[in-house]
Amino acid sequence: MHWQEGGGRGCVYTHGNCRRNLTARALQALQHVEALTCHYCVSLLHLLPLLLMWMPPVCADDSAVTVNVLSMMYNPEYYVEKVNAINAGFDASLSAHGWKTGSGATISVIRPPSYNTTAEDIFQLGVKQSEGKLLVVFGPLGTDPVVWVRDKLKENDLVAIAPIAYSSEVRGWNPHLYSISVEPNAELLALIRYAVVYLGLPRVGLMYAKGNGFDKESYEFTMRIMEIMGRKPCGVFAVESSGGRDVLEGQLNTKWGQFVATRPQAVLLFSSLEEETTGWFVKKIAQDNRTVDMYLLAPSSFQHFLIKTWSDALVSLNRTFTPGQLITTGTVPLASDNRSSMVRHFQRDMDNYLDTNSDWKGFAKPEHYLKDDKLGEMMVFGWLAGEVLFEALNNAPQLTNRTSFMESLYKQRRYVIDDFVVGDFGGECDEALHYRVPCVIAIKAAAWTHMRVVDDSLSLKPMKKGSVTWSVSECSSANVQVSAPLIGLYVVLTDDKVAQRASMRWSLGARSIEEADDVDKRIFFHSLKVNLKNLTQSLEQVRDTKAVAAVLGVTADILSVPNMTFIGPIPLFPRLNKFWRNVIHLQPLLAHELYVLAVYLSNTSSTGVKALVRGGEASEVVDTLDKSLVTFGVSLDSSKTLGDGDPMSSYLSGNGDVFCIGLTPPDVAAVARHLQTHLRARVFVPFNDILLFYQEFVAGFNASKESIASSEGLLFATSFPHWGKKNRKSDMVARFHRHVNESHWDPLTFLGFATTRLLQVVISNMRKVNAEPLADRIYTESNIRVDDVGFGPFSDAECVSGTSVSANECASNFGATNISVWSMGACAEFKLAQDTGWDDTVYGLCYSARGSTHTVTDSWNNFWVCIRLVIIYCPWCVPTHLPAERRNNNRAPKEPTDPVTLIFTDIESSTALWAAHPDLMPDAVAAHHRMVRSLIGRYKCYEVKTVGDSFMIASKSPFAAVQLAQELQLCFLHHDWGTNALDDSYREFEEQRAEGECEYTPPTAHMDPEVYSRLWNGLRVRVGIHTGLCDIIRHDEVTKGYDYYGRTPNMAARTESVANGGQVLMTHAAYMSLSAEDRKQIDVTALGDVALRGVSDPVKMYQLNTVPSRNFAALRLDREYFFDEGEDGTTTSTSDHSSSRADVSESGQIIATALQSLLSTFKTAHREKLLLPYCERWRVPLPRKAASEWDDAYCEEVVRRIAVKVGRVADHGADSGSESSSTQGSSSIIIVPFYDMHLQEY
């Protein structure tokens, strides 16, 4: 029994007609309380409310009162059986209560003489027979009767309980309509979500009648929801409403052909039942071989019609029925759903009523509602309406006043009926508008739409998945927020036990944080069960039939399948990484693990190293291991490539170090025995083998104290925090422990969990989620923070090395960081054996050649001893990443007669930020460059050049350029910069400017922090866009790219120069080059004529409003414009980072002299190797000169450019005294390890 406010069958609490009497026992208790000391009196008096709670209620006597219920639950246009079923259920409920309220009042039902009685006649009859009495209306049934009765209810101060209308038109706030079921749009929402996310269908069609108001309303709602979910219907079968007229067969067939050509996999059916074309359409689906297997989804009002029409069509065509093809919704549980205690309660009441009552002859047998589930559902609805009415009457303050009764209904009351909760009527859905809508709360106190499927017996069966819920605060589907879903596919290999188990454990972690089955759930997992032989073929088939955004978990040999995005793949055998943009690795690459383990070995004593490797790439793996060991002064004594059936146990011997790569289940036991036999031996395994065989390793080393001790000899490298350590200071681990049972705490389950958390973070701001946009977002975000674990940087850029472009040297599709060496024993003891100190945030790996007289590490260490002297002269030296270029020349505008749209960008106050935050700016600028380049690729634009922190971008399409600029600002706004220091500095710069300029008002310095966070975040970038003809478009033989000359690039650069940080300006020429349709899709503010320096006539300018509500200071017309023709005559931006023409300051001269003195002792090849990292980290462009090697003159120019850039930042810091705000504090020496700057995996 659920005791709630107003709860309890047949009794109420003191706020109603009932009151509590003090029993003799209660009176004795109170007398005893009076005899106690004051201290105990006070204490026990606090318990008085609790004592009262347990006193038996005694209800007021209302035996002389009669409450009339007017039954308008009928409609001559509906099946008689359906009408009878609802009324029979209603009567069964009230009969179970003896037709009495809890206070003894009689409940009397006024029924229509026949179902042909007009609504007006029955209503007048009910009002006439209820003068001076409380009258409640049951129904009406149907949209038209509900619309008709609304005004009549208001005139007579009446309430209609459980009206049924199939239009949202009557579901707005009306205190006279007391609905107990969800609205029609909620059912549509459930059907849309089921088709899109649970069936995962990329092609869903619609069918409706144009002239019908309800159909139009449903169509518009469906289109809105699908758009929000990032989808569009593949086709729409829409015909004019027949209105009783014959529809020409030829017209229907023409529309049918157009509809079928879109290859729909499912159709949402919400055309009106009276439309002849609805039946024609359903039969046509069954007749056409192209659509006979298509899913049909329809709301609850279509259940009878859909099942009958479909089954008749199949019988006429001699086709068999396919279970699961027809899908409908419901507003109450099915009468046969015995999982619900409310349904079991209904069955008891219904059985008793039908056994003892002959009013409903059609339902003489109690099991009738179980055989006909469609009518059984109607009975459940009627019974539930009776229970709600009974509870409402029990909670009314009096049973004679209609106004008082109506007001009592809307006091946020819930009615508990077994496990079904109805209530919270009258809640505010929108406080700002005071818009009140009755809200239905179902199981677990949330609005609920049930999903049903038709089985082979043409019976409705409840679905375990797909039902839609939303919280009590959402009273209407109009207020429910839905988002674009992500459908993830994981493979279950049925013919490989290791892979099958791995998939199950991975999915256990991935699914553990799936949200409850509510409306804002975004991530949905589908499994593909297949054998290894058919894996690739099956995946290609799924690609066409499912809207899969990512393939996850165990992937075997399918990474080369095109047009799929793979996230966190788990190979069954070791593989070296090849950069495929659509493959995103979350764990360390094998080459990185071997590199880190080589570092570990170089710091420990070793008696010899050998390798046992199994897999298709065994020879390549051995070569990579050998290079890693040689790099750190360790030699690989021997290696053995094993076949699939070769046991490793035959080759394990002695106390040396052995790399065992590509394990099978027998190998795990062999490794454990080897370490237990040879206590000084060490075995190194890839982390992927730990993932696959973790349970076997734990079992193999957990047999005795000796075996546990030997587990210290099993070593591997990982980037994970410890998944099993309790009270660990890791937010992700703590979250993992909250969602996953302790018995499942293992690395593979944790990887699945971490993958889902990563996806939740990545898609949080995505409006459309499929394979390509998902990969785009990951590369755009680059560094992704998930709880306390970082992934990245991910980069799909190319790098410039010297004067040539080298593909994939800077590209990075892996996100593991902080790789450390663990032992199995340390893992079991919940501690790290040893941390190598390696922070893997690199693009690749740098190896020494075999036979070299010294290692790479030695070279860098020696160089750093010298370079510390240089850094002493420059307290502002901080590295950043190499400028990358996207030289896809197919995207470059080449025709001189075609207009070119040019974009110039620059970071606002970049020099001041470098001076204030030398430790933050390298990563911030690197993130800036990655986001810009990712968008350049996404919108098929062309990167002309970078100068310092500035970009020059060309586009054939003006609209693509505008879209790029708009999304650029949004990317910066939503990016996790990892600090508020940049924002603090920008506000500080505004304050400083306001002190010097009286007319200047800081736009953001005094902004409320919450408002600021919605409008501003991190780096502020100004953007200028101009469209026009270029005087010259030249292909540069050195860079192999295209450059643009003349007034157009000059105008674009000048436009950018007057903008404020975060502002996008476009000239009138750029704006007018957009089509009328393009201009409708953007929001601009006309700024009028703007006088630009060096331009004779004012230029009409527009501001692209990328972030609504952002305000800017006046345009910076006073900003000095630097027109740099450079060495080749091309135009650059007004960036303050160009060093090609600038003079060397005093600080720069000191830096240049020191560098030249130090480098003079190195050969030319070493000078290039030592200087390149500075150019990369400080974003200094190399001289554009074709040379086979760096000669003395070339090196001197590179040093000069570095000195200009570093000297400028040093001078700015000295002039502004920015050390007070610098994130580096007062330190004058900054040393950053250089070994991870230009590393490459071979």
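Using the three backbone atoms N, Cα and C, a Cβ is placed for every residue, glycine included.
Per Swiss-Prot, the features are as follows:
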TOPO_DOM  1-39  topological domain 'Cytoplasmic'
CARBOHYD  Asn116  N-linked glycosylation site
CARBOHYD  Asn289  N-linked glycosylation site
CARBOHYD  Asn318  N-linked glycosylation site
CARBOHYD  Asn338  N-linked glycosylation site
CARBOHYD  Asn401  N-linked glycosylation site
CARBOHYD  Asn534  N-linked glycosylation site
CARBOHYD  Asn563  N-linked glycosylation site
CARBOHYD  Asn603  N-linked glycosylation site
CARBOHYD  Asn702  N-linked glycosylation site
CARBOHYD  Asn741  N-linked glycosylation site
CARBOHYD  Asn818  N-linked glycosylation site
TOPO_DOM  884-1242  topological domain 'Cytoplasmic'
DOMAIN    901-1056  domain 'Guanylate cyclase'
BINDING   Asp906, Asp949  Mg(2+) binding site
Around the C-beta of Asp949 (Mg(2+) binding site), how many further C-beta atoms are within 10 angstroms, looking at every protein chain?
27
Asn534 (N-linked glycosylation site) and Asn563 (N-linked glycosylation site), Cα-Cα, nearest whole angstrom:
18
Mean pLDDT over the topological domain 'Cytoplasmic' (884-1242): what is the value?
79
Could you check which of the recorded positions (Asn116, Asn603, Asn818, Asp906, Asp949) sits closest to Asn534 (N-linked glycosylation site), going Cα to Cα?
Asn818
Please tell me which one of the glycosylation sites listed here (Asn289, Asn603, Asn702, Asn741) sits closest to Asp906 (Mg(2+) binding site), measuring Cα to Cα?
Asn603
Going by DSSP, give the three-state secondary structure for Asn534 (N-linked glycosylation site).
helix
Taking 10 A as the limit, how many CB atoms besides its own sit near the CB of Asn702 (N-linked glycosylation site)?
12
Distance between Asn741 (N-linked glycosylation site) and Asn818 (N-linked glycosylation site) at the Cα atoms, whole Å?
27
Glycosylation sites compared (Asn289, Asn603) - the one with the fewest other Cβ atoms within 10 Å:
Asn289
